[in-house]
Amino acid sequence: MTDVLLRLDRVNSFYGPVQVHFDLSLEVPCGQIVCLLGGNASGKSTTMKVILGLLKPRSGQVVFDGQPLTGLNTPQIVRRGIGSVPESRRLFGTMTVRENVLMGAYTRSDAKSVAEDYEGVLDLFPKLRERHAQQAGTLSGGEQQMVAMARALMGRPRLIVMDEPTMGLSPLHVDRVLEMIQTINRQGVSIFMVEQNASLALQIAHRGYVLQTGRIVLSGPAADLARDPQIRDAYLGGAQAA
Amino acid sequence: MLPTTFGPWLDYTINGLVIGNIYALLAVGLALIFGVSHLINFAHGSVYMVGAYIGWLCVTKLALPLPVTFVTVAAGCGLLGAVIERVGLRPLRNAPRIAPLLATIGLSVVLDQSAQLLFSPDPRALPTQLPTWRIAIGGGSIGALDLLIAGVGIGSAGLLYGFLRFTKLGWAVRATALDRDAAQQCGVDVDKVNRTVFAIASALGGVSGLLVGMYYNTIDPNMGFQAGLKGIVAQLIGGVGNVPGAIAGSLLLGLIESYGIALFGTSYRNLFAFVALILILVLRPNGLFARARRLPPEPLTGTFIAPSRPLVLPKWAVWTLAALALALPLVVQQPYLLQTLGNAWLYALLALSLTLVAGTVGQVSLGHAGLLAIGAYASSLLALDAGVPVLLAVPLAGLVAAALGTALVYPAFRLRGHYVSIATLAVGEIVTLVILNWESLTRGPIGVTGIPPLSVAGKPLVSGQWVYWVPLIVLLAFAALQSRLLNSHLGRTLRAIREDDVAARSYGVDLNRYKGLAFAVAGFIAGVGGALMAHFYSYINHETFPAPVSMLALTMVILGGLGNVAGAVLGAAVLVGLPELFRAAAEYRMLIYGVVLLLLIRFRPQGLLGTV
């Protein structure tokens, strides 16, 4: 049994009067890739918001590394060691690639090791080295995704949460992004990713959860989920499974 | 009288650039603040005024050397900016977008009035310790102060550029402006960013005030209002939130004003700025320098309608209250009391008019006093110059105000949120400036004297009772009409526009037509109110209906509950009647209004009777 890095414990969250999560509980073990699957409006992205403190749950708690995150704001949560790759990347469009990536190190004050890490992520994403002085908003979708991942890495997080990292990318870039996620994971960073594309997510994930209208309806090792007939019907429709 | 040689034009150019530099110090701060908090800060002009007064204290009372004065002004205003952010705006973070804007208006009133109480409303001289030499350049000349202003402008721009480009906090400011959520997810404390930006902007604004005080050698507690508006105009010319654009817009505005004054005269000065503002808002709402790709800055929609259950008075209660109000002069005989209440009913007409456009239709107008002015001038001039009987001139004046008011605001119909407020504010100022400058019609700064009183069958209605009754009867009639209107299909349509104009449009509502209708009705009511005021006061000039009256009207309307007809009447009675009855010293009155506005926005946005 591995240690649990992130745990959501019976979270109930609301948008005004509308309840989004119903007793949502899930766990991200240390060093693993965990994916949260679900269709539109299942509450996937809201789960990200709850973890990052952008939405306060009405009851239940988020526990990171044994410490509850209740009452902390987003910057404080980020400082605890959670990096994020937001939905549709959310880069700072008119800032350069270099500035965007270094913004990820905003919470760190060790200039020397930041510079080393910056070289490190450029080695990981060589494409960004040529683009470093370019405005981030002018990059292609795949390149922007790399900037977003590089930015998240710069905070030296222990966990990166990703919201639909493959959305809107060409198939070529999708594979590259999945590889990158695995590479990052091998360096010891746990990954929690929210995905609509179950077949892709389950290819690289260790564990998966299936969210339906705010409730977890299935969970288990990724390999089991990929074989589960329910999942196949609901999310792996013939064409996509290929 | 056109200057024919090249020399004076060089002087006008230098003068324009100097003034432009001063505007730039204001506009850059406004652009920074808009960038990170999507707020147009109406308190910025007041910070500028505070800067001038801190400078005045340093120079005249403490006899500090100039560099120390500058540092003190920057530090003092920076601190003030941080305080404004903390107490005025952060508590409203999750309120509707228009709430912080109204809060900055309240703060601005409080700051201006406090300065007036502390330092007296009289202007003060702000002597400079600078040498008086001037360098002649081809027919024009430049003095030490001109160079100092240019130096401060360029120096601040350079410092700001360095800060934004090369410091970590500067990056955080830019990142927050581009994507607040993503910045937070990088660990940026956006509260700290906001505070920093307010401090920097206010420090620059304060220095600007000091420089202006030195340039004209005079400062006064009301100097901030116009200056703040100029900063806003300059910022809009450059494109909201665009820092380099704000500098370019400021220099452009300075030059326009300087050349304009050369061609037309000083009293036109402010007219150029506001006409430029309207043109920009209508033709290039993203500013002159916006890239075509940029999305229109539209995160400002949303009205200040707090959800609430309005207090509904039963019919018999309304009738009883109306009857009691009508019967009051039979019991109370003191003319002073009746006059005060009559005045309150006149202001209630203005509030009634404003609550229709700001409350029901959600177009927060900040220039409503302009409608009073149009009505007042139309009625008096019709009566005096055209010989129209007063009884006929008053409704005619209402029609004129309806037509002119709607036509003037028409270009702003396609704007939303903050932009409506700014555009209407500019329209209000334009009305005042046209009255001042169109001497052949309005008699200019002298004003209109000897306006005949209201009379029926040759009998003038000037006694205390009639001063009370006439406004009350007109008010009751309009209030009844407006209540009926709100409960009709039309009222529902207007509220639909307020709640979601896109949805309303997709259901086939022609926005322009309904907004036009609302402004026309509002213009008629306010116009009649202004006309009655003119006939009761017997003298009006361009300063009878100044911008603070618009702010007062807004406070009344929010106090009563936006959109609420009874609330508008109550708001006017409370804010005009009570201070008078309690004999609150006149100099404290505006301060009280400002504080009331701030407290309402913070603690009871639905007003006393609830929004409708």
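Heads up, the Cβ atoms here are built off N, Cα and C, so glycines get one too.
Model, not experiment: these values are computed from the prediction.
Straight from TrEMBL, the features:
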{"type": "TRANSMEM", "residues": "B:12-34", "note": "transmembrane segment"}
{"type": "TRANSMEM", "residues": "B:70-89", "note": "transmembrane segment"}
{"type": "TRANSMEM", "residues": "B:197-216", "note": "transmembrane segment"}
{"type": "TRANSMEM", "residues": "B:236-256", "note": "transmembrane segment"}
{"type": "TRANSMEM", "residues": "B:268-287", "note": "transmembrane segment"}
{"type": "TRANSMEM", "residues": "B:344-366", "note": "transmembrane segment"}
{"type": "TRANSMEM", "residues": "B:386-410", "note": "transmembrane segment"}
{"type": "TRANSMEM", "residues": "B:417-438", "note": "transmembrane segment"}
{"type": "TRANSMEM", "residues": "B:466-486", "note": "transmembrane segment"}
{"type": "TRANSMEM", "residues": "B:517-540", "note": "transmembrane segment"}
{"type": "TRANSMEM", "residues": "B:552-578", "note": "transmembrane segment"}
{"type": "TRANSMEM", "residues": "B:590-609", "note": "transmembrane segment"}
Residues of the parent chain within Cβ reach of the transmembrane segment (B:268-287), under 8 Å, 6 or more residues beyond its termini: 226, 229-230, 232-233, 236-240, 242, 245, 249, 253, 256-257, 260-261, 294, 296-297, 411-412, 415, 419, 422-423, 426-427, 429-430, 433-434, 437
Spatial neighbours of the transmembrane segment (B:12-34) far in sequence, C-beta under 8 Å, 6+ residues away: 40-41, 44-45, 48, 140-142, 146, 149-150, 152-153, 156-157, 160, 173, 197-198, 200-202, 204-205, 207-208, 211-212, 215, 227-228, 230-232, 234-235, 238, 240-243, 245-247, 249-259, 261-262
Contact ranking winner - B:197-216, B:386-410, B:552-578 against the transmembrane segment (B:70-89), Cβ under 8 Å: B:197-216
Remote residues contacting the transmembrane segment (B:552-578) - C-beta distance under 8 A, at least 6 residues beyond either end: 102, 105, 303-305, 308, 310-311, 313, 318, 340-341, 343-345, 347-348, 350-352, 354-356, 358-360, 364, 366, 368-369, 475, 479, 482-483, 486, 495, 584, 593, 596-597, 600-601, 605-612
Positions on the same chain near the transmembrane segment (B:386-410), where near means CB under 8 A and six or more residues out: 365, 370-371, 374-376, 378-380, 423-424, 427, 430-431, 452-456, 512, 516, 519-528, 530-532, 535
